[in-house]
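Presented below is the structure to which this report refers.
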Amino acid sequence: MTTSFSQANNNPSRQRTRPTGWPVGSFTTYEDAQRAVDGLSDQEFRVEDLTIVGVDLMQVENVTGRLTWPRVLGSGALSGAWLGIFIGLIFSLFALPGAGWAIFLWSILIGAIFGLIFAAVGYAFTGGKRDFSSMTTIVAGRYDVLCAPESAPKARDLIAQMNIAPPAQSTQATQASQTSQTSQTD
């Protein structure tokens, strides 16, 4: 059974604590780690003793495009127009009969103008030091399933019986393996 995000965060003792337990499985993808926990749940294992931990975290910034003045001004105007639509809808609901459309359209126009101005000022302050747009994500090199020590051997044995995926290696183990292979070929 999946717990909703809000239910999982209601327990203050589980918030911002360093994960503890013995590693019972290591996987290259989060889905594989989740599949292992789900498999343990299907076998009536006490899943409250388990934790999935992302290890070898990396911040990845994918460059999505080059920033130019037309692109900055266009996206600023579009963002402002969206805000204007929202504000215009609210104001037009309380407007005098017949004035709703005018208020709505003026709100869009004013929002687009302010969005354009704020985008131009913000981009001008960068001084050309960041002329690209990007999206940043945090990814893990592997996902470890940790278990409370008293039930870890049973969890490890049950996960070993599942046919999920080959275990993930830590970055250090992978680098050591590559180094030894390189030195053997020289």
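Cβ atoms are placed via backbone N, Cα and C, with glycine included.
For 1-24 (among others), the entry in TrEMBL reads region 'Disordered'.
The annotation compositional bias 'Polar residues' is assigned in TrEMBL to 1-14.
Look at TrEMBL and you will find 24-111 tagged as domain 'General stress protein 17M-like'.
As annotated by TrEMBL, transmembrane segment applies to 72-95 (among others). Among residues of the same chain six or more beyond the transmembrane segment (72-95), those with a C-beta under 8 A of the stretch's C-beta atoms are 101, 103-120, 123.
Residues or ranges marked as transmembrane segment by TrEMBL: 101-125 (among others). For the transmembrane segment (101-125), the list of distant contacts is 67, 69, 72-73, 75-85, 87-89, 91-92, 95: same-chain residues at least six beyond its ends, Cβ to Cβ under 8 Å.
Positions annotated as region 'Disordered' by TrEMBL: 167-186 (among others).
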